[in-house]
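Undergrad: Below are the features listed in TrEMBL for this protein:
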DOMAIN    B:109-166  domain 'Phage shock protein PspC N-terminal'
DOMAIN    B:211-345  domain 'PspC-related transmembrane region'
DOMAIN    B:393-524  domain 'PspC-related ToastRack'
TRANSMEM  B:137-163  transmembrane segment
TRANSMEM  B:239-266  transmembrane segment
TRANSMEM  B:286-306  transmembrane segment
TRANSMEM  B:318-339  transmembrane segment
Amino acid sequence: MIAENTQTQMRKGILEYCVLLIISRGEIYASDIIGELKAAKLLVVEGTLYPLLTRLKNNGLLSYNWVESTSGPPRKYYTLTREGTLMLSQLDGTWQELSFAIAQSKESKKN
Amino acid sequence: MKKTLNINIGNSIIHIEEDACDLLNTYLIEVKQHFGKSADDFEIVSDIENRIAEMFTEMLHTQQKQVIELADVQMVIELMGSVKDFENDSEEASSETYSNPNFSAFGEKKLYRDTDEAMVAGVCAGLSHYLRMDVSILRVIAVMTVFLGGSGLLAYLILWVSIPKANTRSEKMAMKGEAVNLQGFKRNFEEELSNLRDNLRTAGDHMGPLVKQSRSFVAEFAEVLGAFMQGAGKTILKFIAVIIMISGSLALIAAVISVAALLGFWDASTTIFPLNIVDKGYFTPFVIAVLIVVVVPLLSLILLSIRVAFNGRSINRMFSYTLLLVWLCALSTGIFYVAKIGSEFKEDAEFTQNIPVKSYPAYNLSIDRSRFFSKEDSLHYQLNSSYYTGRIIQDDERVNFNAPRNVTIRIEKSENDVPSLTESYSSQGVNFETALYHAKNIHYDFVQKDSVLKFSPELHLLKNTNWRNQEVELVLKVPVGTRLNIDRDLDRYLQGYSLWDCGDDERRDEPYYGVMTVDGLKCKFDQ
């Protein structure tokens with residue numbers, strides 16, 4: 001249970017980072033984001049993504065355009081805002097630190 | 001063969017099978033309940049709906065079919081994830097979702113008619129689910145109450161009409177108290193499927209001319225009858241609604257007009273009995289309160305009939321609340337005045353006066369409808385009292401049947417051999433003074449003309465006096481041996497003695513007379 005909880009917490013933070021990374025590569029549709037995340041084995045169900053995207057958008061990190069679709073309703077295509085890009089570079093820095101911290105922790109255990 | 005529905009999800013029209021639609025609906029309700037707490041709930045839900053619509057469109061396209069089936073919806077839910085999955089990954093504290101009162105994990109039980117297990121219309125079966133009682137016990141009670149003056153039958157019909165039938169899967173689940181969420185849904189569906197499988201297996205064994213019937217013949221008949229009632233019944237219902245509408249409107253107009261007339265021509269002492277209880281001081285507010293108490297339900301009945309008859313829209317909620325509020329105000333006002341009127345009967349007062357009666361060996365007792373002018377009468381009718389004194393008003397024979405008997409005559413034996421008449425005037429009031437005042441305002445005519453004693457048939461109240469249970473009790477005392485010829489008309493005023501007891505049936509029409517004996521009044525015949 002505690003292990004599960006920690007995993008969830010770690011996953012949650014990384015999921016946000018990954019979503020921003022995926023979107024930073026260019027305009028993208030939500031279900032394509034899901035495809036990417038599934039390929040990365042980070043996301044289990046699609047329903048989880050929508051609240052996250054809405055929250056990021058409400059925080060001003062993302063914006064979207066409506067694009068007509070041949071199948072079904074019009075789709076939301078997400079892009080990063082300036083703030084989003086800024087946030088992503090901060091996260092990049094944090095990730096460097098984190099991976100360093102983990103690597104360092106593992107190293108010192110070996111010694 | 002399965003029924004399909006058209007749904008609009010994410011602005012796409014999708015054909016969907018009924019059970020699949022039920023499942024989807026339950027899922028979306030759960031999703032909405034989950035995200036209902038956050039401010040951007042609408043956007044998230046519409047994102048999810050759009051995505052589901054897109055998935056459906058893709059499914060229909062790739063599988064080359066027309067209709068979304070249950071399996072498709074299950075697949076979509078698997079991809080989207082159930083609310084449980086959201087809770088694990090949820091941003092907010094997941095405890096909030098548990099405190100949501102709408103989200104009942106145990107399922108809120110609702111009363112429906114269970115037509116699947118019905119004997120007649122499924123009322124007992126539905127009640128048994130609701131009350132967690134054995135259905136056969138309820139049926140025995142129901143049948144027993146039918147013999148209690150048919151009350152059970154009436155109750156059954158009322159319940160049949162008022163309790164809705166469990167149609168959809170979610171209604172059937174709510175009826176049995178199962179949680180209407182995905183887990184419950186899945187369980188219910190699997191249960192039904194296994195039942196069906198069992199049925200098919202057993203059906204194969206006893207496949208006769210009669211396919212296994214899980215429902216009684218009466219239930220089938222009731223179903224058909226119900227369907228008929230819905231078709232023909234609708235027309236009948238509309239017809240009844242129109243009748244109610246018309247008669248209700250007429251009653252409404254009549255009520256308003258009669259109240260207006262009442263307020264215009266109000267006079268306490270001259271109006272008919274039940275109205276003259278109300279004091280003039282608060283007659284108007286009381287009558288208006290009563291009018292509203294009567295008119296508001298009448299008005300809602302009319303509005304309801306209009307709605308039934310013309311398939312109109314339901315009444316504005318604000319309007320109906322206002323109506324209810326007005327009605328309650330009027331009701332409390334009415335109750336207040338009724339209590340006030342009740343208090344006017346709290347105290348009793350009585351005063352007595354003795355009237356000497358000239359001595360004769362025989363008296364003729366009769367009812368006299370004529371009335372002497374008293375001084376008060378002259379003032380009442382604004383006549384010149386000096387000119388009209390002693391004149392007689394000829395009253396018509398109109399008897400106020402509604403008024404309680406207020407004149408009683410008792411004939412007793414005189415102890416001192418002197419004839420006399422005692423008049424006791426009594427009345428009620430809020431206190432002793434008012435009661436006495438009311439008693440003093442009673443006017444009663446008694447006249448002796450030689451040996452003829454004339455009694456007035458009723459007492460008279462002075463103008464603007466309310467009815468406060470005013471009564472006149474007359475005690476006529478005559479010496480032993482006095483002969484009394486009593487008029488038949490007097491019988492209804494006599495107390496403790498009835499002229500009809502005099503003689504047997506054959507002698508009823510013969511002339512008779514009463515004689516005062518030591519043991520009281522006795523009747524005698526001439527022959």
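A Cβ is built for glycine as well, from the same backbone N, Cα and C atoms used for every other residue.
Remember, TrEMBL labels are computer predictions, not curated facts.
Small disclaimer: the values here were computed from a predicted structure and weren't measured.
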Undergrad: Please report, as numbers and ranges, the same-chain residues at least 6 past the borders of the transmembrane segment (B:318-339) whose CB is under 8 Å from any CB of it.
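TA: For the transmembrane segment (B:318-339), the far contacts come to 278, 282, 285-286, 288-293, 296-297, 299-300.
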Undergrad: The domain 'Phage shock protein PspC N-terminal' (B:109-166): mean pLDDT?
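TA: When the pLDDT values over the domain 'Phage shock protein PspC N-terminal' (B:109-166) are averaged, the result is 79.
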Undergrad: What does the DSSP secondary structure composition of the domain 'Phage shock protein PspC N-terminal' (B:109-166) look like, as residue counts for helix, strand and coil?
TA: 34 helix, 2 strand, 22 coil
Undergrad: Quick one: DSSP breakdown of the domain 'PspC-related transmembrane region' (B:211-345) into helix, strand and coil?
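TA: For that range the per-state counts are 111 helix, 0 strand, 24 coil.
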